[in-house]
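Working notes, structure below.
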Amino acid sequence: MALLSELATEIVIPVCAVIGIAFSFVQFILVSRVKVTLERHAPPQSGNNNNKNGYGEYLIEEEDGINDQNVVVKCAEIQNAISEGATSFLFTEYQYVGVFMVAFAILIFLFLGSVKGFSTKNQPCTYDAEKFCKPALATAIFSTVSFVLGALTSVLSGYLGMKIATYANARTTLEARKGVGKAFITAFRSGAVMGFLLAANGLLVLYITINLFKLYYGDDWEGLFEAITGYGLGGSSMALFGRVGGGIYTKAADVGADLVGKVERNIPEDDPRNPAVIADNVGDNVGDIAGMGSDLFGSYAESSCAALVVASISSFGINHEFTAMCYPLLISSMGILVCLITTLFATDFFEIKAVKEIEPALKKQLIISTVLMTVGIAIVSWVALPSSFTIYNFGVQKVVKNWELFLCVGVGLWAGLVIGFVTEYYTSNAYSPVQDVADSCRTGAATNVIFGLALGYKSVIIPIFAIAVSIFVSFSFAAMYGIAVAALGMLSTIATGLAIDAYGPISDNAGGIAEMAGMSHRIRERTDALDAAGNTTAAIGKGFAIGSAALVSLALFGAFVSRAAISTVDVLTPKVFIGLIVGAMLPYWFSAMTMKSVGSAALKMVEEVRRQFNTIPGLMEGLAKPDYATCVKISTDASIKEMIPPGALVMLTPLIVGIFFGVETLSGVLAGSLVSGVQIAISASNTGGAWDNAKKYIEAGASEHARSLGPKGSDPHKAAVIGDTIGDPLKDTSGPSLNILIKLMAVESLVFAPFFATHGGLLFKIF
């Protein structure tokens, strides 16, 4: 028996979720204290100089004698324009996605209901024929409900994240007038609001759903947790459209702004004369914040669902041990508490006084959360698990000890940290790989592109080994359940990971607002430093998302194989091998679609920006205002139109393969897409991140080497801008969307497994 009673489990999980929501609310209140209104700051009084976080209570402009209160009004105007653009895009996107959600929910109901001809009679259980379980129609209804709940939670996560980011960007800019420490804290707290809201909401909705479904299912836990898998499918299907749509939006604007503004017209990034600049800043929020939020929520929901499905047919489910069954949820609950303590290290326990302290402070967040979480996992494993239990492993029950399960979660957690640090090494301009890419710009864009691609390919090596080790260890100890909880281990510090990730786009927007509002060069230097650190942390966030997607996908694959009653997957049989080779091709097809979408949208954007520069008198001189709205509309229309084909490819592939070719071929497709998708995703994300930071390295001119390549507008800088432009769709559209492709196909196959096992393989039945 577990030490933690069932009643205590029922209390602990929702309490931890509520604490997470309350903490995010407190962080929001602290951010909202920064007013985007006119208020005079008195110079510091002698003897009363508060110098925490590297600032006194006075502004740089007052120190320089150039205090212009108009900048505050400008900041507020720009913030409103960005917020309105982002809200308008998300509402348009959600209307299209809403239609898809309703259609797919109907599909789930019809397919799963038809497995037993919409029968309302109880049926023999899949894994114990002597017992009777709830009818297939119940699975159809409850799977549909959990799909809708997962989809709505995912949409809400993305929307709330976008709202807080657009609320915080101008506040970060205004705080940069006091010092880099204040600006850092505002950006990080805003990211924490999103991180904790998402982690706590995901946990709370899943927990409430399980308890409500239990009222109907009673002792039929196998059926209950099969129905819960729809929750992960809903989360990931919304994330796919959020990631692809947001990624196309942001990169169309970014490429258009860079190619015409920086390369052709030689004006600074985020210059208010550039017509695409508002669309670019809107894109940071809808792609990197709303898309990333939905993506990581999808990973969390799917890894929880995969663990619960396997546990329900193991001794936890058979013996109705509720506390042990909720082990995945208890890990996530502990994660919220650990991340809460970790966040205080960045915002309250230590202060940042100089630019060079920003990146180490963010890195410490990863280390502290991982170390504390290791202790947390040990506590949860000790109180929530019996000392010995059995886990379902392809038809047999495998005996597992509680310390073995602790190691499974721990290896996933530490693999995540390794992936994070390797990503940082290959994408931060503090290290030689990115500096080498910057140096290659001396001989033009071609060598820059060659070096960047080589860096991306090389950056795959260590993360793949880390994933391979965690798969081997966790599978050896606890079969597919071990892999599912290893994925949860990697995602257990999701609140901190998302806070760090959201911090990047918020800082990027803050820099854009500083430039557009005409703030002093010193403020722009500070926001640039925040942004450069944010670029690296965004790459780390993508590394976590891709690594966890690989483990989640494998765990879902295991659950699918069990549920579809496949005893072995033999690669040498033609049915499986054709699936394997086609599955390995899918990430390439998907990447081609998303990159071409960015290219065609960027083409329209470049033409529009050129048109405005050529036809609006006085635009280059700053005497006329550009037409921002047209550029926002181009990005919105292009991304909505272009996100549908890649989304359809991912959603329809499992259905077509399962119906016409059967579960064996589908298992090959899933394995192939997982193996090739992970490699392409890591290399694409890191190549793009490296090109971006190579450009920033030259622009910042912080070292003798960097100054020899600059300044802005020099030939090496122009070559770096071209590399950055090529990398944009790689790191923000194709790369991050691929991890959703591999998870989504696996969870969709799991949800439809009973239908495919009963009615699938039509072509092989005919011939």
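All residue numbers here begin at 1 and follow the chain in the order shown.
Every residue, even glycine, has its Cβ placed from backbone N, Cα and C.
No curator has checked TrEMBL annotations; they are predicted automatically.
Keep in mind that this is a model prediction, so the values were computed, not measured.
The transmembrane segment feature in TrEMBL is assigned to 12-31 (among others). Listed by sequence, the residues of this chain that lie at least six past the ends of the transmembrane segment (12-31) yet keep a Cβ under 8 A from its Cβ atoms are 4, 164, 167-168, 171, 186, 189-190, 192-197, 199-201, 203-204, 207-208, 326, 329-330, 333-334, 336-337, 340, 343, 495.
Sequence annotations record features per position, and here TrEMBL assigns transmembrane segment to 96-115 (among others).
Summarising the annotation, TrEMBL assigns transmembrane segment to 135-162 (among others).
The transmembrane segment annotation in TrEMBL covers 183-210 (among others).
The feature transmembrane segment is assigned by TrEMBL to 325-346 (among others). Outside the transmembrane segment (325-346) by six or more residues, the chain places 4, 9, 12-13, 16-17, 19-20, 23, 27, 185, 188, 192, 195-196, 199-200, 202-203, 206-207, 221, 300, 303-304, 307-308, 311-312, 316-317, 361-362, 364-365, 368-369, 372-373, 376-377, 379-381, 384-385, 405, 409, 484-485, 488-489, 491-496, 499 with a CB less than 8 A from a CB of the stretch.
The transmembrane segment annotation in TrEMBL covers 366-385 (among others). Beyond the transmembrane segment (366-385), the same-chain residues lying 6 or more positions past its ends with a Cβ under 8 Å from any Cβ of the stretch are 2-4, 9, 323-324, 326-327, 330-331, 334-335, 337-339, 341-342, 345, 402-403, 405-406, 409-410, 413-414, 416-417, 420-421, 489, 492-493, 496-497, 500, 540.
Note on the transmembrane segment (405-426): residues 327, 331, 363, 366-367, 370, 373-374, 377-378, 381-382, 385, 433-434, 455-456, 458-459, 462-463, 466-467, 469-470, 473-474, 477-478, 481-483, 485-493, 536, 539-540, 542-544, 546-548, 551, 685-686, 689-690 of its chain, located 6 or more positions outside it, place their CB under 8 angstroms from a CB of the stretch. What TrEMBL lists as transmembrane segment is 405-426 (among others).
Per TrEMBL, transmembrane segment is recorded for 460-488 (among others).
Only residues 6 or more beyond the boundaries of the transmembrane segment (544-566), in the same chain, are considered here, and those with a CB under 8 A from a CB of the stretch are 126, 226, 229, 232, 292, 295-296, 299, 302-303, 305-307, 309-310, 313, 392, 394, 412, 415-416, 419-420, 463, 466-467, 470-471, 479-480, 483-484, 486-487, 490-491, 497, 663-664, 667, 670-671, 674, 678, 681-682, 685, 735-736, 738-740, 742-743, 745-747, 749-750, 753-754, 756-757. As annotated by TrEMBL, transmembrane segment applies to 544-566 (among others).
Residues 646, 649-650, 653, 657, 661-662, 664-677, 680-681, 734, 737-738, 741-742, 745, 764 of the same chain lie 6 or more positions beyond the ends of the transmembrane segment (572-590) yet place their CB under 8 Å from a CB of it. Look at TrEMBL and you will find 572-590 (among others) tagged as transmembrane segment.
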